[in-house]
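**Student:** Summarising the annotation, TrEMBL assigns domain 'Major facilitator superfamily (MFS) profile' to 38-487. Among the features that TrEMBL reports, transmembrane segment is placed at 110-129, 141-160, 166-187, 199-221, 227-248, 318-335, 347-368, 375-396, 402-425, 437-457, 463-482.
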Amino acid sequence: MSTEPLLPGAKAAGRRRVGIDEALSAHAGEFGRWQLRHFVLVSAAWALEALHTMVMIFADREPAMACAAAGGAGGGDPCAGAAAGWEWAGGAASSTVAEWGLVCGERYKVGLVQAVFFAGCMIGAGVFGHLSDSFLGRKGSLQVVCVLNAAFGLITALAPNYWAYAALRLLTGFSTGSVGVLAFILATEPIGPSRRGAAGMSTFYFFSGGIAALAGVAALFPRSWRTLYVVTSLPSLAFAAAVVPFVSESPRWYLVRRRADDAMRVVRAIAAANGRTVPDDVALKLDDEDDEEKSVDGSASSGSIVDVFRSRTTRVRLVLSVLINLLSSVVYYGLSLNVVNLKTNLYVSVVANSLAEMPAYLLTALLLDRFGRKPLAIGTMLLAGVFCTAGSLIAGAGIMRVVRMACGVVGIFGVAATYNLLFIYTAELFPTVVRNAALGCTAQAAQMGAIVAPLVVVLGERVPFAVFGASGIVGGLLVFYLPETKNKPLYDTMAGLEEGEKKSLLG
């Protein structure tokens, strides 16, 4: 197989040079057997992120207490614990709260661990977002974070005290925060433009499925939080060893790293698996490869977040994307955490919550290419905001409690759709060379929202709904200032994006 190296200013005599999108659309196939297999294998990493993130719901839960000294009918101060004759249902090893007495004056430590975990996610998303755009690549970064997740999770099961546990959750967050972003980019970049939206919207099914699976696993090990960490960490090790080696690196990453022969090798593999062929006279090119002057002066983007801020177009998009992702995260995680206040079976509640999000994913996937990214993002965020605001105006007594709960369910439906949509929307706003750096930055903003959410939940019954409502409405209004990306090419370089935007304005 002969392919021409991608060199600055190189001209392919007698060969037709096309971008990745055109090569997929016209020759290799936009979503065939190769892309389906690749998409399923890579997107399974979302389930791993769900395990490492949501395990805190069960490991850090507060079990019921009974006073053995009074036959379970009451006794001394529950804050005194065993000294007053109180015992934990399921034993002291059932959760971190029970083992280390994180109740009463120490209860804040449960929220602290959660905040620390998401702080780690925020840091890791930026670090691995940059590494995956640079030398490590999408595939290499995904393998590294999965190995780190498994290692940190297994060591967490050995934590001797609360502070060691908190430090290990910080490290786990550092490696967990970028798993979803890396999997999303690697899974969707080899897919053609007309199918990329629907495929990207389907990745969250794996996350919700992972939450549902976690509830089942936690129900099997209710008496040991340490065992639960071991069981939820091993799948990451299996994924890194048995799945990642058999998936391909993104051809787009190869192309921006000036490895055109590797990029063409992947495109030809896609075509072969899809029962199609790529003509011998076709070669790949970057969006700005015909720009001789830019190639000569060597000012190509390095793939860092600094490059995003150099362009006014991407700078404005990034600021808006950060704010929108932060606000949607506050609403999503806030409403999700409110489920524990329903005082129902914890395992059933978590499963029900994860399943309730799936219709939102289906609806947005079906409507994405019909109405576009921008109208759907506006509509779903405003839907969540309006119903949360309505919930803040309803008193939680009698039948009105059910009505307020219904407002929360509709809010979760709306924000789950938004949260999913923002991944594909944000990815399409930035060129390949800085896409993961930009997504890493927006993921950091989302993690900041996740840190804020539990602090909002503790404000009472009605105030959280008011905060979530305001966040949803403001976020929906901010989307008005973003451009529509439906049926627009997925640009490879900053110069290609700028040129494409100029043509759109002139056209």
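Each residue, glycine too, has its Cβ placed from N, Cα and C.
TrEMBL labels come from automatic prediction, so no person has curated them.
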**Student:** So what's the mean pLDDT when you look at the domain 'Major facilitator superfamily (MFS) profile' (38-487)?
**Tutor:** 84
**Student:** If we skip the immediate neighbours and take only residues 6+ beyond the ends of the transmembrane segment (375-396), which ones have a Cβ under 8 Å from one of its Cβ atoms?
**Tutor:** 324, 327-328, 331, 335, 360, 364, 367-368, 403-404, 407-408, 410-415, 417-418, 421-422, 425, 461-466, 468-476, 479-480, 482
**Student:** Check for me, if you would, whether the transmembrane segment (166-187) reaches the transmembrane segment (437-457) - at least 3 Cβ pairs under 8 Å, residues 6 or more apart in sequence.
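**Tutor:** Since 3 or more Cβ pairs under 8 Å link them, the transmembrane segment (166-187) and the transmembrane segment (437-457) do come into contact.
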**Student:** For the transmembrane segment (110-129), I need the partner stretch with the highest count of C-beta pairs below 8 angstroms, choosing only from 318-335, 347-368, 402-425, 437-457.
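**Tutor:** Most contacts with the transmembrane segment (110-129): 437-457.
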